[in-house]
Amino acid sequence: MEACCCSSSSVPSASILATGAGLRRRFSPAGAGGGGRAVAVAAGRPIRASAALLAAPAPRRRGGVVVRAVFERFTERAVKAVVFSQREARGMGDETVAPHHLLLGLVAEDRSPLGFLASGVRVERAREACRAAVGKEGLAQAPVGLATDVPFSGASKRVFEAAVEFSRNMGCNFISPEHIALGLFNLNDPTTNNVLKSLGVDSSQLAKQALTRVQGELAKDGREPVGLSSFKVREKFTPGGGKSAIVKYSNKNKEKSALALFCLDLTMRASGGLIDPVIGRKDEIERVVQIICRRTKNNPILLGEAGVGKTAIAEGLAHKIANGDVPIFLVGKRILSLDVALLMAGAKERGELEARVTSLIREVRKAGDVILFIDEVHTLIGSGIAGRGSKGAGLDIANLLKPALARGELQCIASTTLDEHRLHFDKDKALARRFQPVLVNEPSQEDAVKILLGLREKYETYHKCKYTLESINAAVYLSARYIADRHLPDKAIDLIDEAGSRARMESFKRKKEEQCSILSKSPDEYWQEIRAVQNMHEVALTNKVKYSLNQNDQEDAVDIELVGEDKTSPASMLSTSTDKPSLVGSEEIARVTSLWSGIPVQQLTADERKLLVGLDDELRKRVIGQDDAVLAISKAVKRSRVGLNDPDRPIATLIFCGPTGVGKTELTKALAASYFGSESATVRLDMSEYMERHAVSKLIGSPPGYMGFGEGGTLTEAVRRKPFTVVLLDEIEKAHPDIFNILLQIFEDGHLTDSQGRRVSFKNTLIVMTSNVGSTSISNGKRSIGFQTQTDTEEKSYAAMKSLVMEELKAFFRPELLNRIDEVVVFHPLEKTQMLAILNIMLQEVKGRILALGIGLEVSDSMKDLISQHGYDKSYGARPLRRAVTQLVEDVISEAILSGQFKPGDTIMVDTDATGKPCLSRLNDQTVQLSDPTPTL
């Protein structure tokens, strides 16, 4: 008979949530008819969780009170509890939802195993107690109409108002059933108290449990419950003998002001020594003080690139104020740094952010001694508009600050970069005129050294190390030369910081290794060290006793040695050696610079010095017959590695001229493999891909409005990511002439600006261009140079050939391009004797590929002569030789392997038969050791 009454299991949660969602849509402010007119909502509709929860009663409908609100902040559980209470009221035949109905709804919603708020009370038992309290024992009445049409009584309204107030004081952005329960217990309703008394439940214990649950919900979200400790629960005895819980909110501590919440006092931190000292910048700080002392528009804005020290100027002024080294009208001022992110965080309701800003302005005006420092001030422009509705709502923070800034009521020091200032402030002239610009330039290297010397003590204390003067100078010099995309002093400070961190890590590793070495020693070795140390100290003690002036001195010396004997044990010696601060020198700074930039700037090791000395011979192993080119490129690398090259230009700019197939590109690959570690270290651009005029944009990036804008250029992006590399511009004469205009500033100044406005440094690149200009003259040899005789030396012949090639280069390239090239290297045509050496290199590559299949390869001399005969062409260089190797060796071997003539472990002998054709045979006396006997075929 009580089917109409609600229980926790009788109503599906999905239908209840659908009811709540429908109520939200139906009675939201946007959907209210009449453009915001008060809408008469059915009495049983869910209510809005706000401070103005219940408005004045509207005309009655079905004998109830009309509620104008929606469930904007009610949780799903709170919606369920309200709907359950309405159905309980309908089941009991009541016309309104009274507080005891709310109690039944809360009990029905709480499905925990321990019952309602861990009291063990279930909904069936609570329903019986409630009927007995109101004198309606017996069968339930048949429901008439919808359960959600039941209105709320005035007492229930006060419960909801109290729940909203509890939620606000607790710092919650939601209203849960626990908040409703606290409001219910705080109401002191007689019927509710009688129900709880009959159930044998203490309301004060229930209130404490509700507070605990709220705290747990906030902890799950990682939030600190604001003001939760200010709630006190006490018991109050009712006239009928019952008890009710009174939950009081006592906020004795004064609420934090907006300045305390959103600002950081730089002056106080400077007084406590929590801010690094500011070295230099005297002129900039003086200019800032002059602007601050103006009557109106006394707001300086610091403009400069990232890392030049804009924030340090504000901190320097805070130091001066803390030390009293300012004019009399600035004494007692405070510089507060505004945290814009903290100011905006959590302001999701309309008007909340504006209220914070106006409160901040009001407190600054009231204090009278506050100077706000807003770092990255461009973030204020547009803040507060984005993300608020379809078209945005609320005022811009910058617009809120304009009146106070113009009248001088709000003093502000702002900072931003030049690019951000141009992007944001140039569009808002009204805001820009309220700030007076102070340009902060990058300090010179001398000033940067002074700054680092002033900061050295701070970093030495933190990293437990010592910085030498050479390390400070090296940090400034190396960062200025090899880290081009950052600015001083920021990049130099980062170098010493990371070098100190590295030194501390190395010290820890050494300590662990020494400890492990002591533990790994045998007992005999350990005691031998102890006896050796004891013998040394006995000798020292004997000498002190022997040369003491009197007996008392002897006794003192003995006592001193005996007391200090424990300090000479191996363990104490280990701790003493490891506690000694590490020394950071220029080599450590150079090593960090190399790790950072990818450029080897540390001192030459023995292996690297040996590699550089033998670089010529290493390159000649791969490039045959081009000694002049090998010498030119190796000299450039050696000059750069020692540090004698011009720091404002690339390592070298070379152009290789010669006929096709003589090794121009191969020499560049050989250099990358020998010194740079891999052939992939080469940035190769085939200039035949840049034959059109519009293809110039491929190098530096597409301009705005074109596809690919923002992706960067092929050349600039490759060098920006890998500054220490070889740039190969292959077949340069095939590119469009406009390409040469791009290359001019690279060759001369060592930098190039891409489409994004970023300057890319080419100062650590080796630029090589290959060209076939003059190849015809080189191939013709003496026939082209008619004045030569048989008695001419090789040097004269090469010089004459080079001069002839230069004439053709001057006819093809512009003078301003040729004038920026360091050296023009002319490659010799390959002779037949040189072809045999090149053939051996090619056959070694073929052997390596066949060996991967588990098969060896040998080639006879007669076969080599046959390949050289077929592959030699003076006009085409070594490329015909490669084709001959493919046709006479690789094709024949591949056919034999596929036909099953050879298997893994065999060695193939390639020879010529009686007719002079290639033939294959198996060498049985030679085997190949296989790592994997399964062939890859």
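Every residue gets a Cβ built from N, Cα and C, even glycine.
Check Swiss-Prot against the ranges 24-80, 81-137 and you find region 'Repeat 1' recorded for 81-137. Counting only same-chain residues six or more apart in sequence, the Cβ atoms lying under 8 angstroms from the Cβ of Ala306 (ATP binding site) belong to Thr417, His487, Asp490. Following the DSSP three-state reduction, the secondary structure of Lys664 (ATP binding site) is helix. Counting other Cβ atoms within 10 Å of each Cβ, the binding-site residues Gly304, Gly658 show the lowest value at Gly304. Taken residue by residue, the region 'Repeat 1' (81-137) breaks down under DSSP into 37 helix, 1 strand, 19 coil. Note on the binding-site residues Lys310, Lys664: the fewest other CB atoms within 10 A surround the CB of Lys310. Put plainly, the binding-site residues Val308, Val662 were compared by Cβ crowding within 10 Å, and the winner is Val662. Helix, strand and coil content of the region 'Repeat 2' (152-217), in residues and according to DSSP, is 52 helix, 2 strand, 12 coil. Counting only same-chain residues at least 6 apart in sequence, those with a Cβ under 8 Å from the Cβ of Thr660 (ATP binding site) are Asn772, Ser775, Tyr876, Gly877, Arg879.
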